[in-house]
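Colleague: Before I ask anything, here is the structure I am working with.
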Amino acid sequence: AAMVKETIRVYARVKPLGRRQQAGIYSVDDDEKSLSSLEIIMPRDLADGFVNNKRESYKFKFQKIFDQEAKQDVVFDNIAKPVAECVLAGYNGTIFAYGQTGSGKTFTITGGAERYSDRGIIPRTLSYIFDQLQKDGSKVYTTHVSYLEIYNECGYDLLDPRHEASRLEDLPKVTIMEDPDQNIHLKNLSLQQATNEEEALNLLFLGDTNRMIAETPMNQASSRSHCIFTIHISSKEPGSATIRRSKLHLVDLAGSERVAKTGVGGHLLTEAKYINLSLHYLEQVIIALAEKNRSHIPYRNSMMTSVLRDSLGGNCMTTMIATLSIDRRNIDESISTCRFAQRVALIKNEAVLNEEIDPTLMIVKLKKEIQELKDELVLVTGKQRTSELSQEELLQLDELIEAFLEDNDPDSTLDVGADMRKIKYCFIRLKQLMNDSKISGEKLLLQHNSEEKDTNKEVGKEELKKLKELLKQRDNEINILVNMLKIEKKRAQEALFQLNSVSAGSTALEQPLWVNLEESQSPASSFSLKEAKDFRSSVHRLPCLSSQTGGKTSLGCQEAFEVFKQDHADSITIEDNKELLKQR
């Protein structure tokens, strides 16, 4: 599927001043190629010891800035229309408004009730979407809407069709479920089908009526809760099994101001705390997303961030509108809203085309295709086909195969016509025949083998006899050798004994040792001849050892010989041979 990577687009809108408000000083600069910049001047008396050690000028960049006189239709065309187009094409979209209470969020998102031209982004988007859907006859569309309010970390379904609530608590509670793939599902949130603009606007009106509004000195109709109006669109081409599903969230966040500003007791203070908490978590998510190598993003901390999970850093095209009320009393809040917006502008989203295959539609489509192919076959062959071959046809094929196998002509062929069923049957039959002939061949072999075995037995007996005789002969030879060695050992010991009594330089050990052995050797003892020679040559070298040390050595000949034996390259082999001989 196609993917669009882009950062969240951030816009600013400045609210017109009320009658009693003192204007703050700001300027909008549209010169730059793609971005606009907003400069807010902090008056001296306010800056004193308040923000950042008397810094007086703040500059912020936005995609576009809508000044006080900007009309609702211009805002819609620039901000919401591009997102709505993407949603119609199968991508997810989100537009959210962020700002302090009374800065024009609800006016921007929902609109004012006084004049038709004051309609906000939601009604204009609905009207644009249904307009486009009617024009496009190539696809079948279904549209649903849902309206969720989050108040003090609880979700409420504003489109509950059973009644219009007098209290928010009367509405169905919405809870969050997460599936194994970490997708968020809202349990208890009703999806209401809207087949045209009128139905959709009626649902919006019902939801707005159900919206809880509390009085604060800040604003006569201030919204103390977050509201999310969602348009769900699914589309498919006739005859296709591919469905595109996309959704557009239009979000009106609660006021971002600090608690102290509202100046009210008890009940509203807990609200402000909660609302600020969920905005605080929203800010944390945004900070985490803006950091390069953060693996964990704290979406789960609040309901708000869970619901907007895809919109922030996920599969979605997201746009933010920062609403500003730049009068002297609210300059600090305007600056903090702009700061938040600059952070949001760093977040990258990856929007994917949401396409899926509907299995039931796929099955219907494939069944139809199979029937068409069957009909085509009947046309080509002129015969109606069943899935099985008849008994008659099978016998006919068996005869053909037999004739084919008996025919000695190398060019003969087996022709059963252009029928896959018959061709398959022939292959299976030939395989069976092959296997049968293999089995009968194996039986013959077994018979043949058992006959051979009897003759082999006689031959075996003769062999055994010969081998036994050979073994006896070898045993005798070994015995002779062992005896000879014993004699030699004795002699060697005597010779060594004599040597010890003679001085170290003596060469008494030169010859006589092995002479007898060589004379008495039988051919069978040749295996030890090499070792014997090695041993002898090593014995010859002994005198050198003593002459090198100048004859004054106190090392007895025997010790020297031991040292030599250990150093000798073949000493291990010799030891092994000795062991072998002893065993024998």
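Just so it is clear, glycine is given a Cβ too, placed from its N, Cα and C backbone atoms.
Pulled these from TrEMBL:
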DOMAIN    7-347  domain 'Kinesin motor'
BINDING   G99, Q100, T101, G102, S103, G104, K105, T106  ATP binding site
COILED    457-484  coiled coil
Colleague: Quick check on the binding-site residues: of G99, G102, whose CB has the lowest count of neighbouring CB atoms inside 10 Å?
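Modeller: Counting other Cβ atoms within 10 Å of each of the binding-site residues G99, G102 gives the minimum at G102.
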Colleague: Let me check the 10 A CB neighbour count of Q100 (ATP binding site). How many other CB atoms are there?
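Modeller: For Q100 (ATP binding site), the count of other Cβ atoms within 10 Å is 26.
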Colleague: Let me know the model's mean pLDDT on the coiled coil (457-484).
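Modeller: In the predicted model, the coiled coil (457-484) has a mean pLDDT of 90.
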Colleague: Of these binding-site residues, S103, T106, which scores lowest on Cβ atoms within 10 Å?
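Modeller: Sparsest of the binding-site residues S103, T106 by Cβ contacts within 10 Å: T106.
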